[in-house]
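Beneath this line is the structure, given in structure tokens, with notes to follow.
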Amino acid sequence: MGFFKQKKHQPVQEKVIREDKMPPHRSTASLEKNIQYLQQELRNSTDLKIRLLPGNKQALVYLDDITDPDKIQRYIFEPLLKTEGDITKIKDREESKDLNEAVSSLLEGKALYLIEGQSTCYFFNVQQNVTRAITEPMNEKVIKGSHDGFNEDIKQNINLIRRRIQHRSLTIKKQTVGDYTESEIALIYVEGVVNPDVVKELETRVKNISNDALLSAGAFSEYIEDRTYSIFPQFLSTERPDKTVAQLMEGRIAILFANNPTCLIAPVTFFAFYQSPDDYNTRWLVATYIRLIRLFSFILAITLPSFYIAVVGFHFEVIPEDLISPVLGAIRDIAYPPIIEAVMMVVVIELIRESGIRLPSPIGSTIGIVGGLVIGDAIVTAGLVSNLMVIVIALTSLASFVVPSNEMSDSLRLLTFPLIILSSILGFIGIAFGLLMVLIHLCRMESLGLSYFTPIQFRDLKDTVIRVPQFLMKRRPEQLQSPRPYKSNELSDDDGKK
Amino acid sequence: MELLKKPMRARELIAMIFMLIGIKGGDTTPSLFADEAQNALWIAPIVSFVVILPPFITLMYLLKKYQTRNLAELLHHLLGTKLGTIIGIFLFVGAFISMAADMRNIVEEINYLYFPNSPTIIIYLIFIVICLFVANKGLESIGSLAWAVLPVIVLTIISVMFVDFQATVWQRIFPILGGGASIVIRDGFSLSSVFLEFFLLTIAYQAFHDTKQFRIGMYTGSILSVLLIVLFYMIYTMVFDYNTVDNIAYLYQESTEIVPLGHFFTNISTFFMVGWLLSNFLRFTIFLYIICWLYGALFQIKRFEGLLMPISFLAMILSMIPPNFITNEMIVRKTSFHWISPIYLCFPFLLLAASLWRERRKL
């Protein structure tokens with residue numbers, strides 16, 4: 001892409017140093033100078049509070065909006081009264097002589113205690129915790145199963161996971177990304193179950209991220225995924241702790257973000273997007289049936305419009321004899337070719353969907369019904385689109401929403417377009433070609449270096465296309481190449497014995 | 001970035017062989033056999049398979065014995081660079097002609113059955129472009145793809161067999177030997193290069209996880225494909241009887257055409273078309289890839305993927321020479337098989353002789 005590189009007028013910009021990598025700046029014995037330095041470094045922000053204590057020999061410095069006044073009272077002033085102003089006797093304090101460290105502590109929500117004539121600064125953790133209650137995620141509701149979900153507090157999220165895996169090998173490695181934001185992320189895995197090479201790979205990828213701000217899980221995943229240009233999602237994102245724990249125990253890695261309820265899971269396979277925690281809480285036969293329905297819906301979602309277009313445009317002989325006259329009657333008076341009809345209808349459906357999301361939920365569903373019914377009816381009566389095409393597109397979009405994962409459902413809807421175009425040019429050959437392209441793309445895809453789609457082992461079918469009873473699933477998925485391939489200490493193979 | 005290499009295993013090879021050879025149950029090959037063998041149509045491929053088995057096992061034995069990387073290296077190793085290359089060129093030309101003729105056949109079939117109004121050359125171009133697109137991704141991707149597509153193909157095959165089975169009259173396989181034992185054997189012999197892909201696939205001898213996987217895949221795949229072919233030909237015989245069978249060009253499509261599925265679905269043949277198309281795309285992708293590989297290995301061209309395009313277009317141009325489909329099928333394809341078969345049947349024994357001679361010279 002040398003063409004796009006600007007060689008000449010390269011803008012000059014200052015390098016930003018992350019807070020934890022700031023070179024030390026020694027504090028002085030003068031209270032005034034220290035406060036001046038802090039004010040200057042924090043750009044005289046108005047939320048920087050400097051409370052001079054009686055006598056003007058001591059000062060308490062903190063950022064007003066992120067500290068808890070109650071905690072300041074309880075952890076600093078009350079003990080100070082008890083010890084008669086001797087700060088060194090108070091417990092739970094940190095000390096430093098570095099003013100830059102003092103600045104970062106202030107930013108974390110600590111209060112700084114400075115004394116005239118001393119160069120030592122004392123820190124107290126008085127951070128104000130802002131958390132949301134633990135509620136079930138809106139977009140991942142289950143009928144049976146636990147109803148808790150992650151929220152924006154990373155500590156609480158880790159707590160939810162730790163409570164479920166009470167073993168010492170549950171490893172949590174925290175790091176920060178983003179030079180300005182210093183967003184905290186936590187890589188979580190079960191040592192001994194996860195493939196160590198995958199962990200190493202992920203760690204190097206995270207280390208190589210260089211950016212000012214990383215704010216969302218989606219943006220983060222684009223930095224570390226294998227194929228950014230692919231249409232398929234390569235990280236499973238969930239807000240459910242039970243799903244996360246199940247994936248951790250399979251041998252996968254979970255990535256949690258501070259201030260973000262989304263948890264990313266990798267390495268994943270294509271089939272992981274079709275699994276739902278509900279599957280494991282219902283009877284296995286029912287779960288298998290639902291899985292098969294989902295698989296069918298996948299095929300339906302990407303091929304139904306193109307199949308219809310190919311049949312109407314090229315392969316009329318496929319239509320059963322009894323159906324020929326109704327089909328002909330439906331499409332005879334339509335002014336546009338099937339592809340235009342299909343694209344029009346898909347766009348209408350997308351419009352209804354998108355407007356439904358943005359509107360408040362009571363209006364959103366109304367808009368969905370009104371938009372769907374009114375537009376659907378009017379568009380057929382006006383002769384713009386045949387009623388068969390309305391059925392086809394409605395079925396297709398229904399099928400695409402069957403996928404438990406939102407990202408995969410979006411990808412599927414986008415994938416319909418190239419197939420529609422191919423089928424309108426080449427009929428069934430076009431569909432075959434399109435499917436081949438999709439398949440070969442899937443076959444070549446990787447998630448953290450492990451294969452994404454193939455090789456599909458017969459053994460792995462037990463928890464992908466169908467779901468067999470739990471006692472028959474004795475092995476972890478082959479794809480993960482786990483150092484602990486069996487799910488129990490007994491090395492018996494999948495012979496079906498309990 | 002690839003963290004873990006995924007060398008191919010036996011299952012990918014089985015899938016590839018299935019696509020490459022098993023699919024011959026559904027193209028125009030049966031009409032080639034039916035021409036003389038009549039209702040012993042299904043015995044002739046067994047004869048062909050039995051005929052190619054000794055040379056094939058010899059070749060596999062030699063590959064195992066010398067632990068060479070592939071067919072071309074074995075040729076060079078045993079026969080010397082010059083003679084080895086000459087034999088290699090013979091093999092290449094044979095395979096190339098066979099591929100070109102088969103490709104024309106399939107394209108004509110698509111054209112005739114599903115796109116009667118489109119010019120052949122356009123269908124051909126689309127076909128080649130699709131094959132090139134897939135072949136360019138390399139052997140591993142093709143292998144995985146073959147394995148991933150296999151369920152669709154198997155499903156198609158099973159449903160076709162189920163549908164066809166309703167129209168069969170089992171007494172039609174009699175007389176078992178059709179046109180006569182000698183005719184069947186002669187037919188099987190002269191058309192044995194229908195299975196020449198088995199020999200070609202040995203070019204990938206060391207591309208798999210280990211050579212044992214290759215051997216397992218090779219033997220299992222070949223037996224499965226031959227079984228499939230025999231089963232399909234048997235069904236054709238039982239559905240159409242000997243009179244019709246040698247007059248129908250597209251037995252596979254025809255057989256699905258005549259049987260309705262219940263009262264409602266009357267023209268089901270097109271439903272089986274997607275599976276059939278997918279498998280044929282893959283078949284020629286694999287064929288094209290291994291032919292280029294053979295060529296590259298013979299002339300020490302390491303990045304032989306660059307040959308895919310010239311070789312495929314050359315094949316296209318050459319295969320367009322026969323004026324029509326009948327000439328292509330009955331003259332070009334049949335005659336070429338008669339000429340190619342002896343080359344493929346003899347060269348493993350030539351290699352074996354060379355190997356024995358070398359050993360004797362060492363002593």
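Glycine too: its Cβ is placed from the backbone N, Cα and C atoms.
These come from TrEMBL:
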TRANSMEM  B:41-63  transmembrane segment
TRANSMEM  B:83-101  transmembrane segment
TRANSMEM  B:113-135  transmembrane segment
TRANSMEM  B:142-163  transmembrane segment
TRANSMEM  B:183-204  transmembrane segment
TRANSMEM  B:216-236  transmembrane segment
TRANSMEM  B:271-295  transmembrane segment
TRANSMEM  B:307-325  transmembrane segment
TRANSMEM  B:337-357  transmembrane segment
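Of the two recorded stretches, the transmembrane segment (B:142-163) does not lie close to the transmembrane segment (B:41-63), with fewer than three CB pairs under 8 Å once pairs fewer than 6 apart in sequence are set aside. The listed stretches are B:41-63, B:271-295, B:307-325, B:337-357; of these, B:41-63 has the most Cβ pairs under 8 Å to the transmembrane segment (B:183-204). A contact links the transmembrane segment (B:216-236) to the transmembrane segment (B:41-63), because at least 3 Cβ pairs that are 6 or more residues apart lie under 8 A.
Only sequence-distant pairs (6 or more apart) were considered; of these, at least three Cβ pairs between the transmembrane segment (B:41-63) and the transmembrane segment (B:337-357) are under 8 A, so the stretches are in contact.
For the transmembrane segment (B:113-135), the most Cβ-contacting stretch among B:83-101, B:271-295, B:307-325 is B:271-295 (pairs under 8 Å). Residues 96-97, 99-101, 103-105, 108, 112, 120-121, 124-125, 128, 131-132, 135-136, 249, 288-289, 291-292, 295-296, 301, 331-332 of the same chain, all 6+ positions outside the transmembrane segment (B:307-325), place their C-beta atoms under 8 angstroms from a C-beta of that stretch. Nonlocal intrachain contacts for the transmembrane segment (B:83-101), taken as residues 6+ away from its ends with a CB within less than 8 angstroms of a stretch CB, comprise 71-72, 75-77, 193, 196-197, 199-200, 284, 287-288, 291, 294-295, 298-299, 311, 315-316, 318-319, 328-329, 332-333, 336-337, 339-340, 343-344, 347, 350.
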